[in-house]
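Only one structure is covered here, and it is reproduced in the block below.
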Amino acid sequence: MNQRSARSVLSRSGVVLVDKPSGPTSHDMVAKLRRIMGTRRIGHSGTLDPMATGLLVVGVERGTKFLAHVVTHDKRYEATVRLGVATHTDDAQGDVLSTASPQDLQALTEQQVREAFAAQRGDIMQRPTSVSSIKIDGKRAHELVREGHDVVLPERPVTIFSLEVLDVVVDDATSCIDARISVHCSSGTYIRAIARDVGEALGVGGHLTQLRRTSVGPFDVSEARTLEQLEEDPSLTLNLDEAMVRCFDTREISESEGVDLSLGKWLKPVGNKGVRAAVTPSGQAIALVEEKGKRASSVFVARPAGMD
């Protein structure tokens, strides 16, 4: 790659915040964005189910490599859980496994429903939904389920920082209970699993009927654009400098230290903890660096030598 084309790639590198509609898969969204943005180097920081809407954080060009360091950020969701019906996918698109009787549902109080959701808060062990993208012996769990296999994934630790029940409404036609919730959780949490587990705890079954992701780390859906808006203006939401500084605390470096990082060299530690965005006086975010022992080494170089 010559220097001119390298600079062109860097100028096109960054993050696009997209408001995903219900229907397409995250893979479908990437395919559409490749056409809109005019590059195949497109990737996202976390899958949204087809039925889900909301924030999809998309990396463009070198932004795809940057997003690998953002996937562990916490997330926020708004969702509707239907209590009274369990499905094999834990959402409305799955086959019905069980339906609670009207008598059992009418016996539940709103206080019991709220307490069952409250029990999900904090550091918990959660069993991922069987139709997740988690791989088992090289194959994704949802593919195995579609092939007819009985998939039960092991529990793993997640953190529910907050879970608020916004309202509880009874569907008069079915006696099912719809609970609208707001969740702030760690990466790797399955909201469908919360619906399933609350339904099981109440003895009536439960599944997800609506899901909207409202934030990923420092990125909020209020900044996101629809595919139609991006068709009209296929521009970055944040360039690479802006994205790195938003996601990470910074370490101020000299221009010469910036050159060293661009060449793959390490810097002297200054007592920082965690990953930092190394930023020059001119405002360029050169790399993400992390101190270990007597070195501050780069974990991602945004501007390799020749891309300045």
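Glycine is no exception: its Cβ is also placed from the backbone N, Cα and C atoms.
The active site, nucleophile annotation in Swiss-Prot covers D49, and the record cites sequence analysis as its basis. In the three-state DSSP classification, D49 (active site, nucleophile) falls within coil. Around D49 (active site, nucleophile), the C-beta neighbours below 8 angstroms that are at least 6 residues distant in the chain are D91, R192, L211.
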